[in-house]
Structure formats: structure tokens, C-alpha cells
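Comments concern the structure below.
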Amino acid sequence: MTTSRYRTPTAAIDPDVTKSWLRRALPLVKAHRWLLLTSLGLSLIGLIVQVQIPNMVRIGIDDALVARTAPLTTYVWWVAGLAIAGGVINYLARRYLLRTAYEIEYDMRNIIFSHLVRMPFGFYDRVQSGELMSRSSSDIRAVQMYLAFGPSILVQCTIAIFAFILMLSINVPLAIVAMLAMPVIAILGVSMRKAIFPVSWLIQSRLAGVATIVDENINGVRIVKAFAGEQRQLTLLAKAADRVRWAYRRDAVIRSRWSPTLDSLPRLGMALVLLCGGWMVIEGHTSVGAIVAFNSYVLMLQPPFRMLGMMIMMGQRAAASAHRIYEVLDTSSEIVEAADPVRARIRGEIVFDGVEFTYPNGTEALHGLDLRVEPGETVAVVGATGSGKSTVAKLLARFYDADAGRITIDGRDVRDYELAGLRDQIGIVPDEPFLFSVSIHDNIAYGRPGADAADVIAAAIAAGADGFIRELPDGYATVVGERGYTLSGGQRQRLAIARALLVNPPILVLDDATSAVDVTVEKRIHSALSALLTDRTTIIVAHRLSTIALADRVVLIDGGRVLATGTHDELLVSEPRYGAVLASIDPDGAADLGVTPPGVPAAGGTGGGGAAGGGFAGGGTAGGAEIGATLQELVPSAQELVPSARPPGGPAAAGSRHHDTDGVTA
Ligand SMILES: Nc1ncnc2c1ncn2[C@@H]1O[C@H](COP(=O)(O)OP(=O)(O)OP(=O)(O)O)[C@@H](O)[C@H]1O
């Protein structure tokens with residue numbers, strides 16, 4: 001996987017929630033103060049240079065054209081020189097300002113993202129991903145703009161002071177006349193921004209609404225098409241787009257009402273300067289050049305005064321955005337690591353002791369769950385849908401913490417372990433695996449980025465994935481589409497199993513990890529897996545008899561507690577509710593065994609053959625393998641297990657790409 005070097009943020013947001021948003025953000029600005037100060041300093045020099053130009057024009061007109069005491073070219077060169085110097089200085093100032101802005105943005109983005117990756121599942125259950133996206137993009141931008149461009153706008157406004165001083169030095173009454181329009185422009189600018197502000201917020205939130213619909217359309221395109229929902233989605237989008245259009249129209253109405261007034265005010269100012277200045281020239285109180293210079297100043301001063309209004313609006317928006325960002329940053333993770341966490345290699349003894357757990361939304365999932373799994377044991381957790389099977393896995397890896405009771409691994413509370421070390425040693429394969437838009441090699445090697453090709457291939461073979469991977473156009477180098485949608489569900493599951501196996505964790509949790517794989521393929525995967533499961537503690541959340549067949553022991557869960565435990569055969573005989581659950585989760589397999597719902601014990605128990613035939617309660621078959629043994633040792637070569645395996649780039653078997661029964665040897 002290609003990784004660019006990560007630079008930690010240079011500053012942090014002040015965690016003191018009693019401070020104003022600006023003071024909390026100040027460390028970010030301070031971290032780049034030299035860059036910002038250089039930019040502001042240059043900007044100030046640029047403005048001083050710029051202010052000289054109308055004055056030079058005035059002297060040129062008065063001396064070279066009216067009095068004819070000096071050559072015109074001297075002044076032309078001066079004006080041109082000042083213009084070029086001003087241009088260069090402004091260019092540098094802008095470059096430094098933009099650099100400051102992007103540095104602040106970089107820091108903020110990293111601060112937010114490093115916080116987000118530390119947040120537990122409970123946090124993601126509460127927030128919407130679209131909202132988080134917006135907080136990490138447009139909200140960051142709004143704050144960054146204000147922090148970097150705000151001071152720059154203030155500096156721009158100082159042009160008024162320089163210009164006013166210069167004008168006063170030329171002609172005091174005319175200077176006052178020229179400045180008359182400015183406060184009016186500033187007041188109108190602020191009023192206009194105030195009127196526009198709510199509408200621009202409305203536009204932002206409505207655009208976010210459109211983005212959510214588009215996002216759901218793209219991500220949920222398979223469901224939309226499967227249910228022929230295109231027209232409904234189009235209508236939904238049209239309505240949202242209509243709301244955006246309405247907000248834009250309101251914005252246009254307000255702007256068209258205010259802008260012409262603001263634009264014509266300086267022109268009125270010029271008329272006033274011409275009237276008063278002209279009268280003064282006639283009376284001999286000032287020069288013609290002064291009228292020209294003052295007109296330039298009136299035009300030059302207009303943008304900064306208008307920007308004052310913009311700055312107020314930027315400030316309001318930045319404050320709101322900062323609060324949204326702080327809301328995320330001020331949410332602390334409920335999953336806290338122990339002060340002196342244990343870093344130990346896990347053997348794999350798991351104990352759930354009276355574990356109670358309720359999800360943050362109030363759904364009660366576990367009610368005093370007691371479960372003991374010996375090191376190296378393979379246990380199938382069976383239960384009706386919603387009985388709490390996956391929750392067991394989530395609590396084991398501390399995606400959530402139990403509300404009451406204790407979960408221990410090797411006799412130590414899971415809360416005592418170093419979090420990363422604990423999760424490193426628990427390989428979880430979910431039923432809906434997530435693949436990244438990178439190569440298959442990189443997807444499998446996600447947990448061990450430096451893994452060599454041989455290890456990756458060995459893991460793929462064990463997961464029954466090597467065969468179909470080799471038939472893909474670029475083999476292991478094939479880049480899977482977004483979330484791996486270019487692969488079938490079963491293929492994605494096999495890659496996820498390979499990903500977990502490559503890490504070689506002492507505890508493996510297969511959460512219905514082969515649900516999308518054909519039963520015969522699943523059997524083959526299991527035979528390869530059984531060699532790897534022997535000395536590894538494995539919890540298999542099972543929905544199929546064929547999956548249960550892998551386990552040494554079955555744990556029947558109902559309503560968040562363990563109902564019964566024993567081998568499959570024992571439970572079939574002793575626990576009528578087991579048969580009922582089997583009949584509800586795998587009717588075909590249960591029928592093969594003669595199990596009929598509701599709760600009728602099957603005559604003879606194991607009499608039927610079918611999918612599970614003879615495989616139950618057998619457990620690991622290739623004993624003796626060390627947990628520490630490499631996958632390559634356990635799965636010697638691709639050719640042995642997959643005789644049909646072709647080298648990468650070999651001819652792809654037509655039609656095999658989306659088929660779950662491909663590429664695995666019996
Ligand atoms: N993130 C969550 N937030 C709130 N409630 C949840 C969450 N995940 C699961 N639940 C609820 O907790 C209960 C147990 O869920 P769990 O996923 O453990 O069941 P399960 O036995 O694995 O079900 P299935 O066989 O359908 O996967 C269910 O009522 C479920 O709705």
C-alpha cells in the first residue's frame with residue numbers, strides 16, 4: 001500500500017472548553033505565526049507602496065502637465081515602478097498567506113482525523129458519516145479562512161489609515177469629503193452580509209442535503225436498482241435541488257438589492273470630490289492633480305470597507321463551524337486504556353463472567369452472559385438472529401466495554417491490556433467485510449503491511465481465495481473497486497479471512513464469515529482452516545450446520561445469555577431449543593438431520609448425513625501446529641492445495657470472477 005509520510009500536527013486545539021472558540025484555536029495560528037506575520041508584514045508594505053501611486057500621479061499632473069516644471073516621463077517611471085514593486089510584494093504576501101492557511105488546514109484535518117480514529121464504535125453508532133465528512137471538510141475550511149484571511153483583511157483595512165494620512169497631508173477639507181462615503185459603505189457592507197448570512201447558511205445545509213442523497217444513491221445503487229427505485233430517488237433529488245434553487249434565488253434577490261447601492265456609493269463620493277475639489281481648484285485652494293488623486297483614493301478604499309462586512313460574516317460562520325468541530329473533539333472515547341497497560345502475548349483462554357451490555361441507543365444485548373473458552377478450543381456460538389452473538393465478539397475486542405461483569409483473557413481483564421496489542425491479537429472477520437480500493441495483496445496485508453508475497457499467498461490459500469485471485473486479470477495486484485464491489489460477496493469474505501489469518505492472531509473470531517460462500521466451497525475452506533485453528537482459540541458465529549461442524553463445542557445463546565453448551569450431538573439430544581434454533585437459522589441443514597421446528601428433538605440426532613455428515617465434534621485435524629508457526633509452514637504451497645492455481649497474469653477463466661464456488665480444491 002502506498003503511504004505518504006505522516007507529519008504530526010504542529011499544534012493542538014486548546015482543550016479548555018470555557019475559552020472562546022477563537023482562543024481555543026489560537027495555538028494553531030501561533031504554530032505558524034512566522035509565516036502569517038511575514039505575509040502580513042509584506043501585505044502592509046505592499047499597501048504603503050500602493051497608496052503612493054495616486055499621490056505620484058497627483059504630483060506628475062501638477063508638476064509635469066500644469067506647472068510644466070518637470071518631465072512627465074520621470075513620473076511615469078515612478079508610477080510604473082511603484083506598481084511593479086506593489087505587485088511583486090502582494091504576490092509574495094499572498095503566497096505566504098495561502099501557505100499559512102493550508103498549514104492551519106492540514107493541522108486541523110489531522111487533529112480531527114486522529115481524534116476520529118480513536119473514537120469507539122459507540123461514537124460511530126451515534127453520528128452520521130455525512131455529517132462527519134462535512135465537519136472534516138467545509139467546517140475546517142470556514143475556520144481556516146477566518147484564522148488566516150481575517151488578519152489579512154484587517155491589514156487591508158489599514159490602507160484607509162495610510163490613505164487618509166496622505167490625503168490629510170495634501171488637503172484637509174477634501175480629505176474629509178473623500179472619506180465621507182466610507183463609513184456609509186462599511187455600514188451598508190455589514191448590513192448586506194447580515195442579510196445574506198442566514199441565506200448562505202441555508203444554502204450550505206441544503207447543499208449538504210443534496211450531497212447526502214447523491215451519496216446514498218451511489219452507495220446504495222444496488223438496492224435502488226434492485227427495487228427499481230430510480231424514479232423515487234430522482235424525485236427526492238429534484239426536491240432537494242429545488243430547495244437549493246430557492247435558497248440561491250433568495251441570495252440573488254438580497255445581493256441584487258444591496259450590491260448596486262454599494263457599487264454606486266464610491267461613484268457618488270467621486271462626484272462629491274469633483275464638486276468640492278473643483279470649487280477649491282477654481283478658488284485656488286488646491287491643484288487639479290489633487291482631484292485625480294483623491295478620486296483614486298475613493299476607489300481604492302472601497303474594497304477594504306466592503307470586506308469589513310465579509311469579515312463579520314466569515315467570523316460568524318467560522319464560530320459556528322468551530323463549535324461543530326469542537327463538539328467532535330470534546331467527545332472523549334469511552335474506551336479508556338489502563339494507566340499501565342499489559343503488553344503480553346495472549347494464550348487464548350477467554351472467560352465471560354456475568355457480562356451485561358446495553359448499546360448506547362438503549363438496546364439491551366447481553367444479560368449476564370457466562371462463557372468459557374479454553375486456549376486452542378474452537379467454539380461455535382449459535383443463536384437466533386439478534387440473540388447477541390456478534391456482540392460477544394465486539395466486547396471481546398473492546399469495541400464496546402461491558403456494563404457489568406467481567407471479560408478476561410488468560411485470567412486478565414481485557415481492560416488491562418494495551419488496546420492496540422489486544423486488537424492485534426484478536427482477528428475478527430465480520431460477515432460484511434470491508435475492502436479498501438487497493439490491490440488484493442494490500443487488502444490481505446492490511447494488518448501486516450510489510451508481509452511478503454509468499455505469506456500473503458499462503459493466507460489466501462488457507463482462506464480458499466488463492467484460486468479466484470489468480471484468475472483475476474492482474475492476480476494479487478488487481479485493484480478491487482470501491483469497497484471491493486467488483487468481487488462477489490463470498491470472494492470478499494475469503495479475502496477478509498485471509499487478512500485475519502495473515503496476522504496470525506492467537507484468537508480468531510469468524511462472525512458468520514462464510515455466510516456468502518457456497519456450502520461446498522465453505523467445506524474446503526474449513527478443511528484448510530482446520531489446520532490453522534488447531535492451536536488457536538476460535539469463536540465461530542455460525543448460521544449454518546456446515547459452519548458449526550468446524551467447532552469442538554457449541555454454545556447456544558438466547559436473549560443475551562447462554563442457554564446450553566456441549567457438542568453438537570449432545571445438544572441435539574439434550575436441548576430441544578437447539579434443534580428449534582437450527583431449524584430457524586438453517587432449515588435445509590436441520591431437515592437433513594431430521595430436526596423439525598418448533599423444538600422437536602430429532603430422532604437419532606446425528607443420523608442424517610447431509611452437509612454436516614460426520615464432521616461434528618471432531619475439531620482440529622492437523623494437531624501439533626504451533627500458534628507461532630508461519631502460515632507458509634501450515635499451508636506449504638499453492639500448488640499442493642490448489643493444483644489449478646495459475647501464475648499471476650495467466651489466462652482468466654471466463655465467468656469465474658463472480659462465482660463463489662471457484663478456485664478452491666476439494
Ligand atoms: N450498534 C448497535 N447499536 C444498537 N443496537 C445494536 C447494535 N448492534 C446490535 N444491536 C442490537 O443488539 C442485539 C444483539 O445484536 P447482535 O448483533 O449481537 O445479534 P446477533 O445474534 O449477532 O444477530 P445476527 O445473527 O442477526 O447477526 C440486537 O437486538 C441488535 O438489534
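Quick reminder: no glycine exception, Cβ is built from N, Cα and C everywhere.
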Region 'Disordered' range according to TrEMBL, out of 401-438, 629-666: 629-666
Within-chain partners of the transmembrane segment (288-308) [C-beta distance under 8 Å, separation at least 6 from its ends]: 50-51, 53-55, 57-62, 65-66, 153, 156-157, 159-160, 163, 166-167, 170-171, 174-175, 178-179, 181-182, 185-186, 189-190, 262, 265-266, 269-270, 273-274, 277-278, 281
Surrounding residues of the transmembrane segment (145-166) on its own chain - C-beta under 8 Å, 6+ positions past either end: 25, 28-29, 36, 39-40, 43-44, 47-48, 50-52, 55, 93, 97-98, 100-101, 104, 175, 179, 182, 297, 300-301, 303-305, 307-308, 310-311, 314-315, 317-318
Intrachain neighbours beyond the transmembrane segment (172-190), with Cβ under 8 angstroms and 6 or more residues off its ends: 160, 164, 258, 261-262, 265-266, 268-269, 272-273, 276-277, 280, 286, 290, 294, 297-298, 301-302, 305-310, 312
Same-chain residue ranges lying at least 6 outside the transmembrane segment (75-93) that approach it to Cβ under 8 Å: 39-40, 42-43, 45-46, 49-50, 52-53, 56-57, 59-60, 63-64, 152
